[in-house]
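Single-structure report; data block below.
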C-alpha cells in the first residue's frame, strides 16, 4: 500500500522540525494557549483580596457593604464570565478563520487579550469591579478562539509525521500558563493587596509579543491553496516551513484534498450535523470534548486544597503543593508531546481516561474513609496526582488534535465551532453545578466523574480509530467506511471522485 501514490511522495512528505516551523509553533502557542491557561488559574489565588476590593468599592459608592449573597453572586459572575466568553469565542471561529485565515485570526484575537489586560490592571486605580467582569468576558473570548484556532493552525502547518507532537504543544502551553499563574499567585509574589491587579494584567504581555512576531511567519498553506486559491503563496509558505524547495508532492496532496471534497462546498454547523458522511466524526468530537471537561478535571483542582489540608499540609503551604501539582501537569504534557507519535492518539486517550476512572473510584473510597486511619489522606493525594497524570497524557491534549485530523479543510472550522462550544459549555456547567453536587453528595461526587470517564473510554475503544502518520484523506477514508457512505449521493459526501493518485491505495 503506497502512502501518497508514490514512494518518493511518501519519503518527501516526512518533514523535519525546521526553525521556521518550531518558532511559528512556539509563538502561536505562547501568545495564545499560554494566556488561556494563565487566565484559568490567575483569579484563584487573589480571590479573597478581590472580594474585599469589590466590597470596599461598593461601600465607597453606596455607604454600606454588600450582603453575603450579593458578594458571592458577583464573584461567581466574575469567574463564570470566562467560560461564557470561551463559548462566544468558539462561535466566532468559523467566520473568522475563513475570512482572516488561521494566522490572521490569531493576530486579531490579541485585541481580546490586550484590552482586558489593561482593564484588569487599571481596575483597582479606577475603583471599578465592573472592569474586571467585562475583562473576564473578553479574555474568555480570547481563550475560546485560541483553544480552537491554534490546534487548527499548527495541524495545518505540520507535516503528517509531526502533526501529533505539534498538536499537543498548545495544551503544553496551557499547562505552563496555569503553572506560571500559580507561581505568580503565591502570596509572597503577586497575590497580595498591591500586586493582584498586576497578576491579572500580565496576560497582555504574551499577546503583545505575538502581535509583534507572528506576522513574520507563514499562513496555513492549506488555507492559502484551498480557500484563497493562491498557489504561489502556498508554495512559498511550504518551502519556508519544510526547509526545501521541492514541495510539489505536498501541494499535489492538498490539491487532491481540495478536488476530493469540492462536492461539500462550505460546510456550516447545520450542514455538519446533516451530512451522513460526517456522522461518526461529529459524534466523536462531542463525546471527546464533553468527556474531557465532564470527567472532573476542574473538580479535582477545586477539591485538591481540601484534600491536602486533610492530609496534614499546613494552610500556608497548600499554595506550594498546588503549584507542585501544576508542575506535574506540565511534566506529563511534555511526555505526551514526545510519545504521541510513538504510541498513537487512541492509546493515549484510552490510557488517560482509564487512569482518571481508577483515580476517581479510589479517591471516592479514600475520601469516604479518610478518618479511618492516619495514612488514608495520603491515598487521596496519590489519587489527585494520578488523575492529573492521566488527564495530561490523553484527555487534555488529544481531542483538539483529533478535530484537526478527522475533518477535511471545508468542514474543519465548523467542527472546531462544535467541539469548542461543547468544551466551554461543559466547563461552564461543571463550574456552576459542582459546588451544589459537592454539598449534596460530598465525597461520593467523584462517582459521577468516574462513570463519565468509563463511558468515554468504552466509546473510544469501540469507535475512535488510530490517526497517527496518516494523511487527512487516509483518515477520512476510514470514517467513510464507518459512515457507510460509499454509495450515497455526491452532495451528501465529504469525499467525492478521488483523483487516480489518491485512490491507488
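Glycine too: its Cβ is placed from the backbone N, Cα and C atoms.
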Out of 246-269, 414-437, let me know the one TrEMBL marks transmembrane segment. 414-437
Identify the transmembrane segment range according to TrEMBL, selecting from 73-94, 205-226. 73-94
Between the candidate ranges 52-70, 375-393, where does TrEMBL place the transmembrane segment annotation? 375-393
Sequence-distant contacts of the transmembrane segment (443-464), meaning Cβ under 8 Å and at least 6 residues beyond its ends, amount to 280, 283-284, 287-288, 291, 294-296, 299, 345-346, 349-350, 353-354, 356-357, 360-361, 363-364, 367-368, 370, 395, 402, 434, 437, 482
Can you give the mean pLDDT for the domain 'Major facilitator superfamily (MFS) profile' (25-468), rounded to a whole number? 89
Stretch in 73-94, 132-154, 280-304, 375-393 most in contact with the transmembrane segment (320-340), if contact is a CB pair under 8 A: 375-393
Distal contacts, the transmembrane segment (106-126) - CB-CB under 8 A, six or more residues away: 28, 31-32, 35, 53, 89, 96, 100, 132, 134-136, 138-139, 141-142, 145-146, 149-150, 153, 196-198, 200-208, 210-211, 214-215
In the same chain, who gets a Cβ under 8 Å from the transmembrane segment (347-369) while lying at least 6 residues past its ends? 288, 291, 295-296, 307, 336, 339-340, 376-377, 379-380, 383-384, 386-387, 389-396, 398, 442-444, 446-447, 449-450, 453-454, 456-457, 460-461, 464, 466
